[in-house]
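A quick write-up on the structure given underneath.
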Amino acid sequence: MPTQSKPVQQQQLTPFGAALAGALGGCFSTAVVYPLDVAKTRIQALPGAKDNGMLSVLLKVYAKEGVAGLYRGFGATMLNTFSQQYAYFFFYSFVRSSYIKRLASKLPAGSKAPTLSTAAELLLGAVAGALAQIFTIPVSVIATRQQVGRPAKLRSDIPTEAVVDSQTDDSFLGVAREIIDEEGVTGLWLGLKPGLVLTVNPAITYGVFERVKGIVLLAKGGSAKLSPYMSFLIGAISKTLATIVTYPYIMAKVRIQARSADAEDAVERHTTLPKPHTPHHADHSHHVGALDILSRVLKKEGFVGWYRGMQAQITKAVISQALLFMSKEQFEHWALGIMILIARIQARSRSS
């Protein structure tokens with residue numbers, strides 16, 4: 001039996017196949033931990049709330065909104081996850097395979113495929129992440145606003161009417177129209193700059209994972225694959241490290257994309273509070289940026305404020321990423337099978 005499976009294992013997926021496998025695995029892992037995703041987004045977007053621990057937030061959401069509240073924005077988040085993971089894995093697989101082929105072409109015939117350095121893995125991951133962010137961030141902005149929902153009270157100095165009103169529509173298209181009304185079309189790309197900075201997150205994650213995986217497999221005598229447990233462990237360690245390094249910008253990105261961003265900025269600048277569904281920057285002011293948010297948090301809460309809510313972020317991210325790493329190989333097998341099936345169907349149609 002092992003001899004029959006080797007040819008399949010040696011086949012490599014095309015960038016399309018790798019992207020499909022990664023996207024399906026990403027959707028699976030995100031769906032499993034989705035209530036945690038809602039909790040961590042609300043903690044990051046509404047930092048002033050008391051008792052903002054992950055469990056406390058989950059219980060409050062369930063008590064006020066029921067099970068539906070725990071899955072608020074699920075459709076948009078799944079669309080965002082699929083598109084982002086697909087784009088990332090497609091660009092990552094394409095750029096990585098092209099780079100390795102370029103290196104291999106300079107080696108003597110029959111030489112072993114070159115091993116990429118950690119720096120090269122990080123750079124390739126960052127390039128792939130940047131390309132994915134540019135194409136997928138509009139869905140991310142909509143998903144973030146849907147997850148945060150309509151908080152009963154933001155701050156004592158910010159009335160709810162400054163953020164939502166009777167016309168507010170929480171549907172996917174409704175949120176999109178709201179963003180365009182208030183921020184213009186470019187509002188759909190809110191958080192792009194910190195998003196580009198955060199491309200180092202998956203770059204660190206996958207770079208560390210590939211390096212540790214190579215070391216572990218080498219220690220096992222060149223074994224072809226990791227066990228599910230080892231994939232889970234290495235994935236968790238990799239994602240934890242990446243999250244700790246990048247968390248301040250993760251928090252800042254969520255606050256930039258939240259509905260309350262302009263109202264909070266107006267209070268800080270002592271200007272007139274904006275109104276929902278009307279242009280927020282008619283006076284040529286700019287939407288608050290990541291550095292502005294980080295500076296204000298540092299002044300009010302100190303360095304610890306940059307990492308408020310990190311426990312929820314790490315818990316969600318580690319479980320999701322570990323599940324992704326565990327399931328990705330299985331989805332790769334399925335993607336390969338799908339591609340073979342499609343190729344056979346196309347061959348039969350051409351022959352007929």
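Cβ atoms are placed via backbone N, Cα and C, with glycine included.
Marked as repeat 'Solcar' by TrEMBL: 13-98 (among others).
Annotation comment: TrEMBL describes 116-215 (among others) as repeat 'Solcar'.
Among the features that TrEMBL reports, repeat 'Solcar' is placed at 226-334 (among others).
Feature annotation from TrEMBL assigns transmembrane segment to 16-36 (among others).
Taken from TrEMBL, the feature transmembrane segment applies to 122-143 (among others).
Positions annotated as transmembrane segment by TrEMBL: 229-250 (among others). Proximity of distant same-chain residues to the transmembrane segment (229-250), defined by a Cβ-Cβ separation under 8 Å and at least 6 residues beyond the stretch ends, is recorded for 44, 194, 197-198, 200-202, 204-206, 208-209, 212-213, 216, 290, 294, 306-307, 310, 313-314, 317-326, 329.
A mean pLDDT of 82 is what the model gives for the repeat 'Solcar' (226-334).
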